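Below: the structure, in structure tokens.
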Amino acid sequence: MSAMSSTEQPTGRRWRASLFIVTAVIALPILVIFASLLLPFSTAWQHLFETVLTDYVTNSLILMIGVGFGTLLLGVSAAWLTGMCDFPGRKILSWAFLLPMAMPAYIIAYTYTGILDFSGPIQNSLRGIFDWQYGDYYFPQVRSLSGAICMLSLVLYPYVYMLVRVAFIEQSTAVLEASRNLGKRPWETLFQVAIPMARPAIVAGVSLALMETLADYGTVAYFGVNAFTTGIFRTWYGLGDLTTAAQLCAFLMLFVFALILAERWSRQRLRFHHDSAQKKMARMQLKGWRAILALSIGILIVSLGFIIPAGQLALWAATRIQENLNANFLSLLFNSFALASLASLCCLIIAIFLAYTKRVFNSRIELGAVGVASLGYAVPGTVIAVGVLIPVAWLDNQIDFLSKAWFNYPTGLLLSGTIGILVFAYVIRFLSVALNTVDSGLTAIKPSIDESARSLGATPVRVLSRVHLPILRTSLLTALLLVFVEVLKELPTTLILRPFNFNTLAVRTYELASDERLIDAALPALAIVIIGLLPVLLITKSILNERSTNE
Amino acid sequence: MNNQLILDQVTVKYGAIPAVSDATFSLVEGEIGCLLGPSGCGKTTLLRAIAGFEPVSTGSISLHGEFISTPRNTKAPEDRAVGMVFQDFALFPHLNVNKNIGFGLSNLSGAEKNLRITEMLELVGLTSVAERFPHELSGGQRQRIALARALAPSPQILLLDEPFSNLDAELRTQLAAEVRSLLKKNKVTALMVTHDQDEAFAMADKIALLNAGNIVQVDTPYKLYHKPGSLFAADFIGKGAVINVGIDAAGLLGNNLGSLSLNTLPEDFGNTVKLLVRPDDIAYDDTSDTKLEIVSKSFLGPNYLYELALNDGQLVPCLTHSHVDIAVGDELPVQFDLRHVVIFNPD
């Protein structure tokens, strides 16, 4: 059973009680969302059915299919080129393929709008060169459903790339050689063995990308695409109907759970695909035109996903740096940093607690509780925000009522619209990011290490401070950084829950872009992208390490 | 009989460093060969060269009368009729047993393919697992499925890379015998690679012993054991001790070891020779006057392996029944039986 199975032990009991309280509080917003289905469906539903609901469902589905296909194509090609082949420039490409991760979808969306719009540089020069007028030529509309698919695919493919690349590298070379030995050519081997074997990694990567797609609000809202998230916003802000918004959230969660199941299933399958002792890499050497083609494909993907939009942002930011680099911008920076630091610290503390819980209690109930607490990564920020809003508003009303009854003093909305609520929502959304990092750091410390330290006379506290913390330090810092950056980029949660007149980089970027002030939006956007590069550098470092152990 | 596989002075290089130099070796049809040697001796490299995964830089490899590897031309792995059983079996994890075995049969029609798959499953005695996936099989089953998959396209030669090293010790010897009889019954020409001499002895008709990239001896298992051609071979194969012994012109050995018949000696032996003494060259004989001090002993079940000190302090092994139980420090009466002794000139 468990190391502390004796329930008589007071520490064990207190520990468990805290675990269940933490889990319950974290799960509350999602439970509220589902509970909303039990409430009567308002007349707004009638309206939704007749007008936009079909749009929400079909557009979200088309978006998922499109982004699924796009990330699959880009991610698997990138993984194949850098994981299995060798050509000049491969090493640089293998980390450059991760750069688009630093680019939030709503930022790339508005940047490309600026580049490709009627008044943008591309169409301007086309008209200049060919002497065309408006209406003389066809040019694809960026602000469309297919535009959103392209934008999301360009920044979300790294999820697929990372997982599939590892899958390719860890594939036993013997299996690929066995295929050659049984008479299959290299291309047949790719499609009949290498890609099918990487299927679990592909499914896991695409599921993650699709979770982000469902969570996206900025891109679809900016492009005017009617998807679930924009619908929830409109129901809440336009119709003022929080219950219906929550019910919409609950239907969105059905899609999310399908993805969670797909991802969990494929991670389990991954185990079966790792039983090889022989992992010496034998990369396919590409020469001549093949090498040039491979390099060009790589450069094209990285340019579209990062270099062109980041370059455009830098240009725009530079043109207005004098006006925009002012006290306002500094307060944006300060707000964002303070908020992100606070949220990442909270995440870290809870993550350490949960990770140790997993380690100490190894039984099903406790593991289940930890699992529930870390489900937030899949839940769209919009859903969490609505789920937080409802119970907090209820609590505010109760406090107000009691206060009025007892002290004849109205408290108004005490909690709603505070930083605390916003941080609470972030913790729910990003706890799993911190937990995964801390947990993997902690599993590296084998129980025998604890036991040997204890047998050498160390007290549990001393084991923690002298053994665990030094070993965990990197994981803890990584967890802080990852959550910090995620919070900085998060748009919908902040939009819904931020205190009145409280702005962050992400919110300001989105507001300016929505007001068609694209050039002014560039500075805060660029700040987000640059800070977003930090975790990419971290991942790059781990990729380089993995390479040095593999080669 | 025709040579099925000929390696003619094959050198394989990794970069500038030769992993195997001037390897010459051949197998006739239906023969089972073995490349034996310590790890890093180049035996796997040689096997991979035959499979077409490594090019040769000098020499040639020919299979069934056709050159498949020369310095100028390396036939692609998929174009040579070579079957291979990989060390980790390398079964395709995403395909079930049927599809794994059928993987190399894409030139057959559906019905022919199914027939062949069933035939292969019957051959290895595993018809019951046809629908299972590799991770649902035991180690021994995986090994046999890997064998069936490699044999399904009827290759000209079957290569086995450390085929038993991923199995536990008990299963190893049993499977080695099974695989040998299966290959013999089907007249399959096969070449295996191993570092384990017991496996090599159990499987092979002919063993090439490799050391540091060179084939040092090609012989039957019996001869390799009893007539090692070099100190390396003597040391690597079997148990035994190599001792320095004085010898006179009449063949009389020092240390009271008796005498050797001169016609077994090389012509220009000097005053001392290096002598390989196997545990079975010294026999326990309680009537003997020759008594040697026991330095250590280990119990092997049916036998005791004693380590005895000669007069000049050199140690030799002696194998007795396990009923002969004499304490360390006491003396063991022995009889030298130097028929299998191998002599090396101390040059």
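Glycine residues also receive a Cβ, built from the backbone N, Cα and C atoms like all the rest.
As recorded in TrEMBL, the features of this protein are as follows:
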type	residues	note
DOMAIN	A:57-261	domain 'ABC transmembrane type-1'
DOMAIN	A:333-539	domain 'ABC transmembrane type-1'
TRANSMEM	A:20-41	transmembrane segment
TRANSMEM	A:61-81	transmembrane segment
TRANSMEM	A:93-112	transmembrane segment
TRANSMEM	A:145-168	transmembrane segment
TRANSMEM	A:244-262	transmembrane segment
TRANSMEM	A:288-309	transmembrane segment
TRANSMEM	A:329-355	transmembrane segment
TRANSMEM	A:367-394	transmembrane segment
TRANSMEM	A:406-428	transmembrane segment
TRANSMEM	A:471-488	transmembrane segment
TRANSMEM	A:521-540	transmembrane segment
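Contact between the transmembrane segment (A:244-262) and the transmembrane segment (A:471-488) is absent: fewer than three CB pairs lie under 8 Å, with pairs separated by 6 or more positions in sequence. For the transmembrane segment (A:329-355), same-chain residues at least 6 beyond its ends with a Cβ under 8 Å from one of its own Cβ atoms are 18-19, 22, 370, 373-374, 419, 422-423, 426-427, 430-431, 433-435, 437-439, 442, 476, 479-481, 483-485, 487-488, 502-506, 508, 523-524, 527. For the transmembrane segment (A:406-428), same-chain residues at least 6 beyond its ends with a Cβ under 8 Å from one of its own Cβ atoms are 26, 29-30, 339, 342-343, 346-347, 350, 376, 379, 381, 384-385, 388-389, 392-393, 395-396, 399-400, 483, 487, 490, 493-494, 497-500, 502. Segment contact holds for the transmembrane segment (A:61-81) and the transmembrane segment (A:288-309), given three or more CB pairs below 8 angstroms at sequence separation of 6 or more. For the transmembrane segment (A:521-540), same-chain residues at least 6 beyond its ends with a Cβ under 8 Å from one of its own Cβ atoms are 95, 98-99, 101-104, 107, 110-111, 162, 310, 312-317, 320-321, 324-325, 329, 332-333, 478, 481-482, 485, 488-489, 505-506, 508-510, 512-513. Each of A:20-41, A:93-112, A:288-309 was scored by its Cβ pairs under 8 Å to the transmembrane segment (A:367-394), and the highest score goes to A:20-41. Long-range Cβ contacts of the transmembrane segment (A:288-309) within its own chain (Cβ-Cβ under 8 Å, at least 6 residues beyond either end) map to 74, 77-78, 81-82, 85, 87-90, 93, 96-97, 99-100, 102-103, 107-108, 111-112, 115, 154-155, 157.
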